[in-house]
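Asker: Under the heading ATP binding site, Swiss-Prot lists 8, 9, 10, 11, 12, 13, 14, 15, 16, 17, 18. As annotated by Swiss-Prot, Zn(2+) binding site applies to 186, 195, 198, 201.
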């Protein structure tokens with residue numbers, strides 16, 4: 001029996017990954033992390049979506065210590081700054097977040113004998129976060145396998161997709177409207193189309209507009225990438 005764990009926030013990317021995973025594995029278990037994020041509504045949305053979509057289980061883990069150790073606009077009452085310098089790390093970056101999340105997901109995978117951890121990180125539209133890059137993911141996979149003496153794959157279905165192609169993937173599984181209206185990506189905690197002004201909303205909306213303007217082209221691009 002194949003088992004996978006989805007690192008699940010209830011946002012566009014992780015929900016799209018969950019929808020796909022449910023077609024690929026016998027059991028799909030979700031894990032959500034409470035790290036004191038400002039957009040805390042995502043935790044409740046993650047609970048609702050994991051149940052609605054049919055995940056085998058859903059765990060919410062308290063990692064509030066991350067908020068104690070780090071200072072980020074995602075966890076503190078700090079204005080979210082626009083990252084005008086593409087080489088700079090934005091102030092929404094939470095240092096160590098994906099290191100911690102993937103480590104805990106790896107421990108969970110060990111306990112339930114799952115061989116795959118799925119995360120929605122993406123290098124194409126990675127917002128300047130160093131822990132969303134493919135090089136980091138491969139390093140984490142190696143560290144987890146060596147540290148636990150277990151065969152484990154960290155799967156990143158969105159790694160080389162842009163936001164328009166991520167919308168195409170949701171549409172491929174007839175879930176574009178669900179992802180659009182029932183997920184939470186907004187840094188200000190607004191469901192669906194969000195506030196429209198934070199960096200996450202701008203990136204998400206631009207991708208949606210591009211996809212809707214030429215869905216046939218993006219579906220073809222998605223199909224080509226999925227067969228590479």
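Each Cβ is built from the backbone N, Cα and C atoms, and glycine gets one as well.
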Asker: Which secondary structure state does DSSP assign to residue 14 (ATP binding site), in the simple three-class scheme?
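Answerer: Reduced to three states, the DSSP call for residue 14 (ATP binding site) is helix.
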Asker: Which of these binding-site residues is closest to residue 10 (ATP binding site) if you go by CA atoms: 186, 195, 201?
Answerer: 186
Asker: In whole Å, how far does the CA atom of residue 195 (Zn(2+) binding site) lie from that of residue 12 (ATP binding site)?
Answerer: 15
Asker: Here the binding-site residues are 18, 186, 195, 201; which one has the lowest number of other Cβ atoms no more than 10 Å from its Cβ?
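Answerer: With the binding-site residues 18, 186, 195, 201, fewest surrounding Cβ atoms within 10 Å: 195.
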Asker: Other residues with Cβ within 8 Å of the Cβ centroid of 186, 195, 198, 201 at the Zn(2+) site?
Answerer: 185, 187, 188, 190, 194, 196, 197, 199, 200, 202
Asker: Report the residues of the chain - excluding 8, 9, 10, 11, 12, 13, 14, 15, 16, 17, 18 - with C-beta within 8 Å of the mean position of the site's C-beta atoms, for the recorded ATP site, in sequence order.
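Answerer: Neighbours within 8 Å of the Cβ centroid, excluding 8, 9, 10, 11, 12, 13, 14, 15, 16, 17, 18: 6, 49, 120, 183.
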Asker: Non-local Cβ contacts of residue 8 (ATP binding site) (under 8 Å, 6 or more apart, same chain)?
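Answerer: Those within reach of residue 8 (ATP binding site), by Cβ under 8 Å and sequence separation of 6 or more, are 14, 15, 17, 18, 30, 31, 32, 46, 49, 50, 55, 58.
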Asker: Could you tell me the C-alpha distance between residue 186 (Zn(2+) binding site) and residue 12 (ATP binding site) in angstrom, no decimals?
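Answerer: On Cα coordinates alone, these residues lie 10 Å apart.
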Asker: Under a three-state reading of DSSP, tell me whether residue 195 (Zn(2+) binding site) is helix, strand or coil.
Answerer: coil
Asker: Sequence gap of 6 or more, Cβ distance under 8 Å: name the residues on the same chain that satisfy this around residue 16 (ATP binding site), in order along the sequence.
Answerer: 120, 157, 158, 166, 169, 170, 175, 179
Asker: Looking only at 10, 14, 198, the binding-site residues on record, which one has the least crowded Cβ, with the fewest other Cβ atoms within 10 Å?
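Answerer: Minimum Cβ neighbour count within 10 Å, taken over the binding-site residues 10, 14, 198, occurs at 198.
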Asker: Cα-Cα separation of residue 198 (Zn(2+) binding site) and residue 12 (ATP binding site), in Å?
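Answerer: So the Cα of residue 12 (ATP binding site) lies 15 Å away from that of residue 198 (Zn(2+) binding site).
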